[in-house]
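As structure tokens, the structure follows; a few thoughts come after it.
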């Protein structure tokens with residue numbers, strides 16, 4: 001069972017009823033496709049104006065509760081406006097084959113990514129806060145390819161000198 005906020009279940013049902021793709025909805029609200037999809041699974045939030053555009057794009061007539069959920073102003077925010085609990089959609093290793101294969105990529109190549117980031121940028125991390133991502137399809141004679149781009153800002157770890165004493 002997928003652990004998503006109540007507004008996510010309603011949004012996903014409305015999306016299915018509308019017949020629209022995530023890309024079509026993203027186009028209508030003028031936002032990135034993956035970010036828009038994350039909204040539907042409760043992994044991010046948006047402003048009320050964007051939430052109202054989503055509700056309109058899906059043809060939802062009484063969508064105030066959905067607007068509040070998308071904007072991080074519902075009971076799921078636990079009394080802190082805008083609070084979103086991210087990452088609750090799956091435990092590792094995930095059981096879904098697509099998610100498992102993405103997890104497998106990190107298991108197999110994670111230390112390689114880490115070493116190459118360190119070698120090319122220094123001691124730090126790729127931000128998942130200042131971050132962009134996309135999913136595209138690439139034609140290939142052996143079978144179409146899935147191209148996932150992860151584009152995060154590099155953040156240096158702090159050194160003891162900046163901590164003061």
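Every residue, even glycine, has its Cβ placed from backbone N, Cα and C.
The active site annotation in TrEMBL covers 101 (among others).
Sequence-distant contacts of residue 104 (active site), defined as residues of its own chain at least six apart whose C-beta falls under 8 angstroms from its C-beta, are absent. Summarising the annotation, TrEMBL assigns active site to 104 (among others).
Residues or ranges marked as active site by TrEMBL: 127 (among others). Counting every protein chain shown, the Cβ of residue 127 (active site) has 12 other Cβ atoms within 10 Å.
Taking H, G and I as helix, E and B as strand and the rest as coil, DSSP gives the domain 'Cyanate lyase C-terminal' (88-160) the counts 26 helix, 27 strand, 20 coil. Under the heading domain 'Cyanate lyase C-terminal', TrEMBL lists 88-160.
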